[in-house]
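Some features that TrEMBL has for this protein:
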{"type": "TRANSMEM", "residues": "B:12-34", "note": "transmembrane segment"}
{"type": "TRANSMEM", "residues": "B:46-69", "note": "transmembrane segment"}
{"type": "TRANSMEM", "residues": "B:81-104", "note": "transmembrane segment"}
{"type": "TRANSMEM", "residues": "B:111-131", "note": "transmembrane segment"}
{"type": "TRANSMEM", "residues": "B:177-197", "note": "transmembrane segment"}
{"type": "TRANSMEM", "residues": "B:218-242", "note": "transmembrane segment"}
{"type": "TRANSMEM", "residues": "B:262-283", "note": "transmembrane segment"}
{"type": "TRANSMEM", "residues": "B:295-315", "note": "transmembrane segment"}
Amino acid sequence: MNALDVTMDETGADERRIGGVLMEMKNITLRFGGVKAITDISFDIREGEIRAIIGPNGAGKSSMLNVISGFYVPQEGEVWFRGKRRPQMKPYEVAQQGIARTFQNIALFEGMSVLDNIMTGRLTLMKTGLWSQALWWGRAQAEEVEHRAKVERIIDFLEIQHIRKTPVGRLPYGLKKRVELARALATEPKLLLLDEPMAGMNVEEKEDMCRFILDTNDEFGTTIALIEHDMGVVMDLSDRVVVMDYGKKIGDGTPDEIRSNKAVIDAYLGVQHD
Amino acid sequence: MLPDQLVFAMEVTLNGLMAGVMYALVALGFVLIFKASGIFNYAQGVLALFAALTLVGLQNGQIPFAHLINAAFGTDLHSFGWTLPAALAIALTALVMVGLAWAIERLILKHLVNQEPIILFMATIGLAYFLEGLGDVMWGADIKTLDVGLPQGISEGIEAVTAEWFGYGFFIDRLDIVATLVAAALVAALTLFSQYTKYGRALRAVADDHQAALSVGISLRFVWVLVWSIAGFVALIAGIMWGAKSGVQFSLSLIALKALPVLMLGGFTSIPGAIVGGLIIGMGEKLFEFFAGPLIGGATENWFAYVLALLFLVFRPQGLFGERIIERV
Ligand SMILES: Nc1ncnc2c1ncn2[C@@H]1O[C@H](COP(=O)(O)OP(=O)(O)O)[C@@H](O)[C@H]1O
Ligand SMILES: [Mg+2]
């Protein structure tokens, strides 16, 4: 099954696509020395939905994303993915399971071009091994062409044709974020984790990014969990929202439910955030 | 006809360039590992020694640890009594180097993830002495001749041609010419590998950003085994060339020290830098000895490379090809 082959008409934009539970976090607790970054949090992510995680700075949102992607190992709790309890995994193993991510502070291959950056997303999907690559040049070539075609479609999709060959180190911040999204999409993820995809962007860039996130969800059926500060954006994008404060979960529900949640309102009025 | 002095200088330059190829080969191994993992691998020179010892041992059917076994059990074992074809022995040695890379990752690197660079550096110093000792115990400390059928002696063709052109025949070692060609082929192969294969791409990705590499599903440990294997293979080539030239002996590990000024010149992360740096040092020290040696009492080859590197450190600390580092404030 190839997510990128799904076209717009096959999945009607209106027909909502939310299915069963894809990922479930059960009683996660994460400590750094004496600091409790996450305290006994449980929530789930359903297939096909856009799930937002919000909360003031230092609430533990990034830590939660890092637990999901295997970068942090929680002291307590269980992670369930596709109905199975996930054993402790290295970040690269999590990625190979179909969970892609972007980073709050952008992690791109600064020395490579945009195209090469996105191509790295295809690496673990490439089948030809080292020897066959050396010996069967033709077959390796054919595979390369196939992967290139997929990557070109992502480039078109995210409207970054004009910077395909540009070294990433030279790009402005907003475009870097877009390239990072492109690289994550190139892995054809089941679940996409976005850590503040719109932070530091101007209004126009934010609108573009919103559109890309919605389109990704719509066209490829990708499940998305994202962290975002801008409440307006969150309310527009997400199907359900988890609210964190000081490492605890203080709210969980639809945007409407969250808007009228007393604890959430207090947390947001009581704490200064950017 | 050119003036004599100039013709001699040309010969010296050529010889220097070829000596530089050796330095470049060792420096190349350094750069590969440093780029991928930020580890300054002090053991790179010893890897070349170990590879050469293993190659000779395998080729001549030497029994590893024979001394030890004989001492412990009162036996008198020395040889399996075979002589392997050179190509087979080289292939087997390459496999041994891959095994060694795997063992190094398992036994050392795995336990030192996220440690300070200085700790990793100390670990490679330990590794260097361990490997030197292991090579000694496994294959014996005597100087060995390495013969894999590379051409030896002065190239008569070049001597004849230059005699015709300049009225003076250049003495160029055939082995040096072969070493240069092999090194060029090696660099070309490495470049193709890193640009066009998926493992090469993974390697570049890890060299660029660990977090990002993990996030697209690349195993850092796999890449480290890979890069140490490649460094081991480069060491094997260096060991073959050096061993064929001056015999396999423990002083071989000292060429690693010459690689240090090469790296300061070329930059620690640049493959072209390692090559060009090696050539400059090789050529520079031969030319300096030729022109200035007689004036200041000779033996300048012992220190010239280091002084040149020092000058570079003062005026261009990032090396020839390294990127300028500007501290963020
Ligand atoms: N790698 C780490 N080492 C130590 N403390 C950390 C680390 N990552 C996060 N923390 C701490 O965990 C808490 C939550 O941080 P974070 O998850 O980044 O919050 P958020 O993304 O909601 O702003 C903070 O107190 C932060 O200092
Ligand atoms: Mg954060």
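Each residue, glycine too, has its Cβ placed from N, Cα and C.
If you look at the transmembrane segment (B:177-197) against the transmembrane segment (B:12-34), you find at least three C-beta pairs under 8 angstroms, all six or more positions apart, and that counts as contact. Within its own chain, the transmembrane segment (B:46-69) is flanked in space by residues 26, 29, 75, 77-84, 86, 89-90, 92-93, 96-97, 100, 127-128, 131-132, 134-135, 137-140, 144-146, 148, 231-232, 235-236, 238-240, 242-243, 248, 250, 252-253, 255-256, which lie at least six positions past its ends and keep a Cβ under 8 Å from the stretch.
Highest Cβ contact count with the transmembrane segment (B:262-283) among the listed stretches B:12-34, B:81-104, B:111-131, B:218-242 falls to B:12-34 (criterion: pairs under 8 Å). Contacts between the transmembrane segment (B:12-34) and the transmembrane segment (B:218-242): present, as 3 or more C-beta pairs lie under 8 angstroms, all at sequence separation of six or more.
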